[in-house]
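Over in TrEMBL, the protein carries these features:
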ACT_SITE  His115  active site, pros-phosphohistidine intermediate
BINDING   Lys9, Phe57, Arg85, Thr91, Arg102, Asn112  ATP binding site
DOMAIN    1-138  domain 'Nucleoside diphosphate kinase-like'
Amino acid sequence: MEREFLFLKPNTVRRGLVGEVISRLERRGIKIIAMKMINATKEQAERLYKEHEGKPFYNELIEFVLSGPVVVMVLEGPRVVEMVRHIIGNTDPLKASPGSIRGEFGMSVTKNIVHASDSHENAEKEMKIFFSEDEILNYKLDVQHDL
Ligand code: UDP
């Protein structure tokens, strides 16, 4: 089992799309094992986007993710990192396939609805910016058969 970190950006909350995003994950059989709505701190935003520090879009991106409440989540499932990256689509909503979350709801590269960690290592690192290990829950989904 693998874990993935997901961050619903402030415009997703302001546009009332939180349920839409969660519903797409649930329908795909992905399990939510932690979730909360927060105002991210500057320190958390800077840690999340550390690899982009100094790039031309960095300041705008940090300002944007601090512009309102966000929803942070930890997901679990087999190959969940690959699965979530596939469901959310390309970074640029214009290049994201129409059925993907960014392809349907993204407005620009910055306002692209969600952040999802791009590797198992980054997922484990990024979830620790927002969650303590005891906030990540252990339970079983009700299913008729193992998927
Ligand atoms: N980003 C941006 N302008 C750019 C490239 C990236 O605002 O020219 C933002 C964008 O919101 C993206 C984030 O930086 O979600 C992180 O970029 P990355 O390449 O890691 O894309 P992602 O993993 O989110 O698809």
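Note: Cβ is positioned from N, Cα and C throughout, glycine not excepted.
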When secondary structure is assigned with DSSP, how many helix, strand and coil residues does the domain 'Nucleoside diphosphate kinase-like' (1-138) contain? 61 helix, 26 strand, 51 coil
Close to ligand 1, in the sense of Cβ under 6 Å, among Lys9, Phe57, Thr91, Arg102, His115 as recorded positions, are Phe57, Thr91, His115
Using C-alpha atoms only, work out the spacing between His115 (active site, pros-phosphohistidine intermediate) and Lys9 (ATP binding site) and round it to an integer in Å. 7
Among residues Lys9, Phe57, Arg85, Thr91, Arg102, Asn112 annotated as binding ATP, what is the maximum Cα-Cα distance? Answer in Å. 21
Including all protein chains shown, what's the count of other C-beta atoms within 10 A of the C-beta of Lys9 (ATP binding site)? 24
Restricting to the domain 'Nucleoside diphosphate kinase-like' (1-138), report the mean pLDDT as a whole number. 97
Would you find the one among the binding-site residues Thr91, Asn112 whose Cβ has the most company, meaning other Cβ atoms within 10 Å? Asn112
